[in-house]
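Here the structure is laid out as structure tokens; the discussion comes afterwards.
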């Protein structure tokens with residue numbers, strides 16, 4: 001589910017002590033934007049199963065008559081696909097617009113504008129009495145979420161210290177899980193209300209999340225790197241001083257600003273980048289890095305996690321579980337609390353190791369869920385418990401590995417000159433696959449004309465994609481734990497991802513990072529990229 005582009009250079013506060021708590025809290029607060037996406041994702045899963053929503057937006061389908069739905073109110077697979085997935089179509093466009101917005105209005109005010117766009121979408125959904133306006137509202141909400149998904153992690157990566165950068169960026173994923181849990185709790189509390197308030201209350205609560213984010217971010221400092229890029233050096237010094245809690249004239253602050261300016265001037269010497277530059281296979285392996293960002297986001301979606309959070313309520317109901325809303329709350333709780341070990345482990349065990357272990361664990365769990373589902377009756381209580389248990393274990397593996405770590409990797413691998421563009425491509429990839437999976441799932445699992453009717457057998461598909469995640473990580477994802485962003489650039493120039501552990505140890509030991517080596521590397525890189533442009 002949907003970190004961001006990392007800053008060039010060692011990171012804010014790299015020259016100081018590890019005690020800049022205020023700055024860390026400020027950048028971590030911006031992760032609140034993850035609640036917008038998480039709440040909407042989990043919310044629609046339950047809202048589309050509420051009786052009041054089905055009466056308002058559905059039709060009577062005789063085949064859907066059950067003891068709990070005697071009138072047979074339901075929606076078709078095509079409507080369900082559209083309602084769920086159209087948000088991701090909006091987020092795809094929003095993610096592509098995130099790069100120009102970040103460079104034009106800035107990271108901070110871009111987030112505020114994104115909240116306004118999101119609120120327009122929420123207003124439309126709340127007021128809707130027919131499917132067309134509800135769909136348009138989800139498109140506008142998606143635009144806002146797509147913008148936020150680029151701007152917030154970008155802001156975090158540019159403003160957080162390198163020694164805790166991975167954990168800070170991971171807070172965005174944690175906020176997504178909190179949003180999922182909040183939506184499950186609110187849906188369970190309102191599902192039995194009579195009338196449209198049953199679904200309008202959960203939808204309208206999103207105004208609160210957007211208001212808190214916009215109001216809070218408006219009080220935060222702008223990214224110093226953005227201000228340097230705009231030539232506002234005095235504002236950059238003031239912003240950085242707020243982040244590190246030191247006077248603007250302090251030597252630490254001046255040293256940080258000098259390093260930011262030096263890196264930016266080097267990028268200016270290279271020249272403006274285009275989207276085509278993101279795919280150049282030069283000495284710095286820019287093309288590999290861009291494709292890694294694009295595909296790690298795609299594989300994150302293909303783990304099948306959003307099947308649980310988009311269609312979990314429906315899936316548990318069809319699996320014979322009596323209270324699917326309660327089980328959705330349970331899976332959301334697992335998701336929230338198991339993200340915390342991932343936030344700690346990303347700096348303790350490293351990015352690459354967590355991704356490998358997570359992919360293997362998820363694949364095993366999903367194969368077990370599929371085997372149990374196809375071999376045991378839905379009336380078997382023991383089988384239900386096994387299914388729920390392994391779905392929860394699967395979510396635990398995702399939440400502690402691929403959930404936060406995929407965003408951390410994406411946030412660290414891009415150099416400054418292509419950062420915004422490469423990040424927008426990566427995030428757009430996430431939303432494109434999110435849309436595809438959300439749209440295709442009803443056709444894959446539902447048993448009706450024109451659908452594949454896989455039901456629980458769809459977990460064989462997700463298990464296989466997780467096995468592919470394992471292969472992808474081994475060959476394409478380097479270990480970047482504890483490295484400055486400049487050292488990551490050196491790693492890509494001198495080794496391949498599958499051999500990155502050994503090279504990382506050399507960098508951490510101080511080899512090949514002397515000032516002369518860095519200068520030579522920057523000169524060689526400049527010459528190579530100028531030649532590429534020519």
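Start at 1 and count along the chain as shown; that gives each residue its number.
Glycine is treated like the rest: Cβ placed from N, Cα and C.
The annotation transmembrane segment is assigned in TrEMBL to 21-39 (among others).
Marked as domain 'Major facilitator superfamily (MFS) profile' by TrEMBL: 26-481.
Per TrEMBL, the feature transmembrane segment maps to 82-102 (among others).
Taken from TrEMBL, the feature transmembrane segment covers 109-128 (among others).
For 134-155 (among others), the entry in TrEMBL reads transmembrane segment.
Per TrEMBL, the feature transmembrane segment maps to 167-186 (among others). Long-range contacts of the transmembrane segment (167-186) within the same chain, counting only residues at least 6 positions beyond its ends with a Cβ under 8 Å from a Cβ of the stretch, are 1-4, 24, 27-28, 31-43, 45-46, 152-153, 156-157, 160, 201-202, 205, 209, 309, 325, 328-329, 332-333, 335-336, 339-340, 342-344, 346-347, 399, 403-405, 407-408, 411.
Among the features that TrEMBL reports, transmembrane segment is placed at 198-220 (among others).
For 290-312 (among others), the entry in TrEMBL reads transmembrane segment.
Annotated transmembrane segment per TrEMBL: 324-342 (among others), in sequence order.
When Cβ-Cβ distances below 8 Å are used as the criterion, the transmembrane segment (354-374) is approached by residues 303-304, 319, 342, 345-346, 383, 386-387, 390-391, 393-394, 397-398, 400-402, 405-406, 409, 455-460, 462-464, 466-467, 469-470, 473-474, 477 of the same chain, each at least six residues removed from its ends. Per TrEMBL, transmembrane segment is recorded for 354-374 (among others).
Packing against the transmembrane segment (386-410) from elsewhere in the chain are residues 1-5, 153, 165-166, 169-170, 172-174, 176-177, 292-293, 296-297, 299-300, 303, 305, 308, 316, 319, 321, 327, 330-331, 334-336, 338-339, 341-343, 345-346, 351, 354-355, 357-359, 361-362, 365-366, 368-369, 372-373, 423, 426, 456, 469, 477, 480: each is 6 or more residues past its ends and has a CB under 8 Å from a CB in it. Look at TrEMBL and you will find 386-410 (among others) tagged as transmembrane segment.
Summarising the annotation, TrEMBL assigns transmembrane segment to 422-439 (among others). Among residues of the same chain six or more beyond the transmembrane segment (422-439), those with a C-beta under 8 A of the stretch's C-beta atoms are 1-2, 4-5, 81-82, 84-89, 91-92, 94-99, 142, 146, 149-150, 153-154, 275, 278, 289-290, 293-298, 300-302, 304, 306-307, 310, 410-411, 414.
Residues 288, 291-292, 295-296, 299, 302-304, 307, 351-352, 355-356, 358-360, 362-364, 366-367, 369-370, 373, 402, 409, 444, 497-498 of the same chain sit 6 or more residues outside the transmembrane segment (459-477) yet have a Cβ under 8 Å from a Cβ within it. Sequence annotations record features per position, and here TrEMBL assigns transmembrane segment to 459-477 (among others).
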